[in-house]
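What TrEMBL records for ASP95, ASP304 is active site. According to TrEMBL, the domain 'Peptidase A1' annotation covers 77-426. For 37-64, the entry in TrEMBL reads region 'Disordered'. Annotation source TrEMBL lists signal peptide at 1-19.
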Amino acid sequence: MSLFLTFLYVFLCNSVSLSSSLSLHFPLTSLRLTTTTNSSSSSLQTSLASRRNPSQSSSSSSPPYNFRSNFKYSMALILSLPIGTPAQTQELVLDTGSQLSWIQCHRKKQKPTTSFDPSLSSSFSNLPCSHPFCKPRIPDFTLPTTCDSNRLCHYSYFYADGTYAEGNLVKEKFTFSKTQTTPPLILGCAAESTDDRGILGMNLGRLSFISQAKISKFSYCIPTRSDRPGFTPTGSFYIGENPISRGFKYVSLLTFPQSQRMPNLDPLAYTVPLQGIRIGQKRLDIPASVFRPDAGGSGQTMVDSGSEFTHLVDVAYDKVRGEIVKRVGPRMKKGYVYGETADMCFDGNNPMEIGRLIGDLVFEFGRGVEILVERQRLLISVGGGVHCVGIGRSSMLGAASNIIGNVHQQNLWVEFDVINKRVGFIKADCSRSLP
């Protein structure tokens, strides 16, 4: 079970056709996702258990629309998107680590969020059991699809954090404006789920939003957290060209053959060649091979918007923890583990002082590309006066991968250039909207 403390927001959408530009505004209210106790993040591993090896088909053609929205950030990145004809606003977790997008189709009146009503959309259709994606051994699903009593395609999607969604596979459009819509996309229409928002699956799989909608690039900017009660900073999300793309520094993605099947590899993730980690001025003695897939796929490093904390494999985690213990070990909260994975935590109300003693944290990618986590925002409040370094141990998740979570993507524009197979970064004040 996962802890969602996510708030929704006012946001802006720009839909740009080949010949004209159109701006749309969508006001939203602040809502909370379903919450449970003793968990580490909103969708800490929304995809680790759902990753498989389907054929990869990200199109090289440009989308016929650009889209921009603002989101407020707490733990997960929540977008509110217009779906159906006429459009119904649906709240979705932006997840670069998973594939299938799904929406809430609950008919229960007691659900705290607005569910999608298929009967109100003229572009909605169910996927029949005869559809090619409704076969027992389709690798895109964690459990085989089945036929329900109405001969419709039923799916079950389970995630490593214990959450799940199940319902029917359907086809539906995203309606950005009256003139700008996607083709009908295959989505999950969840009749049962453990959380109150859907998922916008953005990885490289053939059923992801970007693959089906033929999106060539997308980007987002996550603002730093605020401890001010009742205030959640607003960030931005783009589909298509970002006005500041020329300023990005890019790192090439590691790609894998479609036929390559290794037990611990996710070939559909955005896998980056992390080379090292610095704390303060010290480059830790971690072999670069620790951050790349070995013969069994272990060690892959992925950029995941759906994970809150960064997670490292044991060799890297032990080196990071060892260095932090040298610098501030006596101040650590003994016997405390946050979310069952992160044990570099501290009591007290002066996290800035701890950060000053530790120094900046830097993830190095080579050629001047890096993610800098400045010392003043190194520690993250997890409640009860406790602050933690935002890094956990991957093995405690049952994972063999390094995961760069959204907490270490704050105050960065992060662009996923699918066509050119690269990820770009540029430092930004993400609480400010672009011109």
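The backbone N, Cα and C atoms fix where each Cβ goes, glycine too.
What you are looking at is a predicted structure, and each value in this text was computed from that prediction instead of being measured.
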Exercise for the section: Measuring Cα to Cα, tell me the gap between ASP304 (active site) and ASP95 (active site) in whole angstrom. Expected result: 7
Problem - Neighbour count (Cβ, 10 Å) for ASP95 (active site) - result: 26
Practice task
Let me know the model's mean pLDDT on the domain 'Peptidase A1' (77-426).
Solution key: 89
